[in-house]
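Undergrad: My questions will all concern the structure given below.
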Amino acid sequence: MNPSLRWWALTLVVAAEFVVFLDIAIVNVALPTMRTDLDLGAGEVSLVVDSYQVIFGGLLLVGGRIADFFGRKRVFLLGFGIFTIASLGAGLATSGALLIASRAVQGLGAALLVPATTALIVAVFQDERERSKAFGIWGAMRAGGASSGAALGGLITQALGWEWVFLINVPIGIAVLLAGPALLPHLDSDPGARPGFVGALLGTGGLLVLSAAFVEAPSAGWTDPLTLGLTAAGVLLLVLFTVLQARSSNKLVPGRVLTRTVVATTTVSLLYGASHIPLFLLLSFYLQNSLRYEPLLAGAAMLPVGLVVMASSATLVPRLMSRFGARHTLLLGLGLLAVALLALARAPHDGGSYFVDVLPAGVVAAVGLSCCFSGVTVPAVESVADQDTGIASGLVNSAQRIGSGLGVAVLLPLPAAGFNPQTTALVGAAVFAALGALVAMTAIPPKRAEISEVRQAESAR
């Protein structure tokens, strides 16, 4: 591929990642206005958020396999096309049902394109230094979208109306879809990557139902019959999926993909997801409940964290990855994240200072997060053959989404149960980060072992 076109291709890929992760949080501040304009009930308000997250998290695994089977470029463009059309539908929605349906379709598009983006970066950037830089920029835009959603949602809603938190995606989508066919490389598809229908149904169904259980748990509680039923059904479907995987010759996740590195990074991704999403939610609660910030001001107060994540992902992380490798970069990130969570746990429950109790720990957390974004993904996709990068990416991303739901479901009910939210919940998140560091330290092999795994995976094809 023409060297000058590589960076243009990366621009398209990271633009798509930015808006997909922006849409996780951008609606939160706009929800009160949506509720009034569309006369939404309490259940519908919840579904505006949850329908996107559940479909997104539940379909990531099968999305990765589809990318390997049909081709990463084709699936990336298809996914972003679906996401863009659904964004237009959400912005033009005149009822709660239309808005919720559009959000679910957005989740479908996101689940298709996210695994494909990682595979495209691996294919486009063969040089290790360039790849580290590319993944740093990718991590910066992904983190920037996720962490700036609340602030941008508030600004857009106040200036243009809630519709534009969705409509802003449309011109970006059109630009990427017009330029993508010319700028993105054509990658061979893998006919052997066709997943079995029953396996795909069981695996996807299990992840969807388990995601729904994690979404339901914070409000309904773990002992609620619906939460218990969803959890049991999700676990049962995943057990059946595992049994079928062991016996089937046409697997959704081929055995050759489950290298030591992929299994380890998927586990770390689950634990990392359980620590960093609750961080933002608990930080928002602290700003609004303890410091008495209005929602818009609370979103703006978290914006510096997002900016530091973007800056360090684009500048510091590529240097760390090139010099010390992804494993050590990931260990540093998880360590910094755990320290920041413990520091935030010590903030005064009543009162406190943003510049003393929040911002310093937030900056440390931001640097840690930037190290984790690339550090947990790169080892997985580099330890498998090129034809399997989509499913490897899908595994890591799916684990992170499930981990996020698990962290929210386990940690957020603790304050409501009478525990101090600045201690128990944040310490719990720090424990998840520390466990992730322990797994990374003991289970992710050094670089030479990863190269050996790739050769073994290629010979197994």
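Yeah, the Cβs are placed from backbone N, Cα and C, and that goes for glycine too.
TrEMBL entries are annotated by machine, without manual review.
Residues annotated as transmembrane segment in TrEMBL: 7-31, 51-68, 75-101, 107-125, 137-158, 164-184, 196-214, 226-245, 257-283, 329-347, 359-381, 402-419 (among others). The feature domain 'Major facilitator superfamily (MFS) profile' is assigned by TrEMBL to 9-448.
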Undergrad: Which whole-number mean pLDDT does the model give the domain 'Major facilitator superfamily (MFS) profile' (9-448)?
TA: 86
Undergrad: Mind checking which residues of the chain, 6+ beyond the ends of the transmembrane segment (107-125), have their Cβ under 8 Å from one of its Cβ atoms?
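TA: Those are 1, 6, 9-10, 13-14, 16-17, 20, 23, 51-60, 62-64, 66-68, 72-73, 75-76, 78-84, 86, 131, 134-135, 138, 184-185, 187, 377, 381-382, 386, 389-391, 393-394, 397, in sequence order.
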Undergrad: Decide whether the stretches the transmembrane segment (137-158) and the transmembrane segment (329-347) have at least 3 CB pairs under 8 angstroms, with pairs required to be 6 or more apart in sequence.
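TA: Taking Cβ pairs at least 6 residues apart, the transmembrane segment (329-347) and the transmembrane segment (137-158) are not in contact, as fewer than 3 fall under 8 Å.
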Undergrad: Is the transmembrane segment (257-283) packed against any residues at least 6 beyond its ends, judged by a Cβ distance under 8 Å, and which are they?
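TA: For the transmembrane segment (257-283), the nonlocal Cβ contacts are 25, 146-147, 302, 305, 330, 334, 337-338, 340-341, 344, 358, 362, 365, 369, 372, 376-377, 379-380, 382-384, 388, 391-392, 395-397, 399-404, 406-408, 410-412, 421, 425-426, 428-430, 432-433, 435-436, 439-440, 443-445, 449-450, 453, 456-457.
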Undergrad: What parts of the chain pack near the transmembrane segment (359-381), using Cβ distances under 8 Å and only residues at least 6 beyond its ends?
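TA: Here the qualifying positions are 118-119, 122, 131-132, 135-136, 138-140, 142-143, 147, 261-262, 264-266, 268-269, 272, 276, 279, 283, 302, 304-306, 308-310, 312-313, 316-317, 320-321, 326-327, 329-341, 343-344, 347, 389, 392-393, 395-397, 400, 444, 450.
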